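Taking it in order: structure first as structure tokens, then the write-up.
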Amino acid sequence: MQYFKSRAVSVSHVGLAPPGGPSRSAASSRTNRHDVVGCTATAQNLSSGCTIFQLWALTRSQERLQSTTAIRDSQKAGRTSNSRSNVDAVPQKRSSRPRPRRPKHAQQQQQQQTSGSAPSPSPLPEAPSRSGGPVHVGQELELECARLALEGKGVCLLPPTGFVVLVERTLPGEHVRAEVVSVRRGYAEARKLASLSPHRNAVPPPCPYFGPCGGCTLQSLQYEAQLQEKRNQVEQTLRRVGRLGPSLDQLAAEAAACRRDDDGGGESNGGDGGSRAGGGVAAAAGCQDPFAYRNKMMFHFSTKCWLPPDMVEERPCLGLLRPGTADVVLPVVQHGCKLQGAEANVLLARAEQLVLEQGLLPYNHPSGKGTLKHLIIRSGSGARPAGSVAPVAAGELLIGFGVTHGSAMKQLKPVAEALGGEFPNLVGVVAQVVALPQPFARGTAAVPPGGLQRGSRDRGPRHGDGARKDAPGSQPPPPPADNGDALDGEDLAGGTGTGAGPVTLLYGTPYIHDNVGGLTFRISPGSFFQTNSRQAEVLYDIVRRAAALRPGAVDTVLDLYCGTGTIGLSLAADCRRVVGVEVADTAVEDARSNASLNSIDNATFVCADVDTIQRNLLAATLEEPAPTAATATSGVVPAPDVVIVDPARGGLSLDAAAFLSRCGARRVVYVSCNVATQARDLDRLCNGPGAPFRLVSVQPVDMFPHTDHVEVVTVLERRELQLAATATATATATTAPAAAAATSSGALGSVV
Ligand SMILES: C[S@@+](CC[C@H](N)C(=O)[O-])C[C@H]1O[C@@H](n2cnc3c(N)ncnc32)[C@H](O)[C@@H]1O
């Protein structure tokens, strides 16, 4: 924080209080309202913007309601005037303000939900109130943090009822003094005033921007403790949202039995995705180096430069979005971001200097002046010559500019060439006219639809949430396909359907290369790629073991949401053929190019929406050996033995889940960057009468150290197969590969 104090600046106060600042301004209370407006906190809605806080609070309140009569009585009594059991000491203030109307986008969001039934439907309020729970706004509390919520806040349970209070930057086990800033039905949010006793594994955060920057909420927690917390979050979410408690208990019992058999007390590792720690969920696979791991970072240009805690300077700057805003930027260029490599940080600083020297200005709302929106730096290890396994000597860097008008290209070209001359590893500079977030287009508030997001690295305003090219007030296009790139920023980097213009090449080549698991991948600006290449190797290795492909390369693998083909291509050597399905055409082109780059000839990539393939499957004859050009374009895929799904944060649609149920695959490996939606999907696939799958393993993988995000690999096995396997264990063990191949290439349903 020294950094902020030492800056001598001329400032203008714009009425935005610091996060949870002493007197929250109208703007910041609007922020809170947006967080929940229009959300029904059911698992169903997680894909459309509801936060895990709400879900957590909902399940907590449901548990409380179910737990004891006393609590039920007190809840009931809470609706009467003299029932404020634990707020008696504090006079209740009743808000006389009218209840705010839900914004239109929130209503639209709800209308767009097509995800089907939720596991535990129960509405949360449409807007926060100043009172209504056992606490009220402004009340000071002493709390102990019980655990982390999925979005990085500490969950504190207020005695005696266990009412949930979420406190920012609070770690499990930490005692804090906090002030309530908003109260909603079922939970409250509070800002930390002081840490009374820190987490036993607290460490000094190495980044000078820690705190104000919303990106690394866990940086002050020792890395091993972060991994433990993430594992716990995964288990809790699968139990609460996915109703997978019995399955996890069974996995835990099996693991315990294995340990007893081993007689050594070691953890089980049956080749099904990893070792199982307590509760049926494996210990999270951590990174060897939890810093400088990101191969892609997005930085925003703005005329509103935030100098924490509460100053905003009107000057052009480049940095990370201030949490809860869409156009106020924390300038991080001076010290760089510790999550990306040193060379990328140097390039970042130089790029900012050159564009400003060139006279280019950040886009400014509401004046409409300026054209610069964002800058993305992608890095890769570079292309490895065919057949070589030696490390690549020099890395590759690619810059992508997002601008609001094509006129910026001419001025950016000399900047691109100058950067190319100065940075030998910079292989390309591209630019794209990007859509502006809806609020800019409408000229209303700087709050993106779906509520405000925390730091830009986490989400930022979601790309394509609204769009305009040049005309303020023009109608935004329909929402784009979510590309799962939530941690990666938007637009240029994210790819699909952003309402953005074509990519313009300003210098060099429009793609970079990276290496994962001995394979080289070409990555275009519009294609998804795992943002932590080193850990992607660990992830794909876990997926390979989880797939449990039969010996003899007899299986057909379907890689749904395949991106640049990484997972499918990693499995290609061990299976008969791979078919990848991906909606982004640039990613499909990359995947095809990656197959030939790595001399892989048993992989086919289909550009299609996964949601449409079930219909085509049912309509099609499925015995053809591989998709032809005609079937590939119509989304027809062959009957798979194993399906890998790695969807975007919204998880699987009902159609996609139905496809998994009916496609006949014996195994599904579900890779997810959002355990909440994954839990919802697993509930559909594994629970209830006729559910086709059984949960076999759960392996968290830490792709995003210091953030509250976690990747989870779960394995599902078809139930019919399990029964058959039990009955014919001996015969199965001696089945010839040829017979297995015959089964695997059969028509849809032949395995069932
Ligand atoms: C989380 S990424 C996974 C990519 C890949 N498995 C990897 O590890 O690099 C999700 C991918 O799904 C794609 N996608 C999103 N919605 C889709 C849909 N409805 N149908 C097909 N692909 C989709 C995105 O473009 C993105 O490439």
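Backbone N, Cα and C define each Cβ position, glycine as well.
Small disclaimer: the values here were computed from a predicted structure and weren't measured.
Binding of S-adenosyl-L-methionine is annotated in TrEMBL for Q530, E582, D646; the matching candidate from Y507, Y511, Y561 at the same site is Y561. TrEMBL lists region 'Disordered' for one of the ranges 1-31, 218-248, namely 1-31. Cα separation, Y561 (S-adenosyl-L-methionine binding site) to C673 (active site), rounded: 13 Å. Spacing of Q530 (S-adenosyl-L-methionine binding site) relative to C673 (active site) is 11 Å (Cα to Cα, whole number). Maximum intra-site Cα distance, S-adenosyl-L-methionine binding residues Q530, Y561, E582, D646: 15 Å.
Per-class residue totals from DSSP over the domain 'TRAM' (134-194), listed helix then strand then coil: 0 helix, 37 strand, 24 coil. C673 (active site) sits 8 Å from D646 (S-adenosyl-L-methionine binding site), taking the C-alpha atoms as the reference points. Cβ neighbour count for Q530 (S-adenosyl-L-methionine binding site): 27 (other Cβ atoms within 10 Å of its Cβ, all protein chains included). Counting other Cβ atoms within 10 Å of each Cβ, the binding-site residues E582, D646 show the lowest value at D646. In the three-state DSSP classification, E582 (S-adenosyl-L-methionine binding site) falls within a strand.
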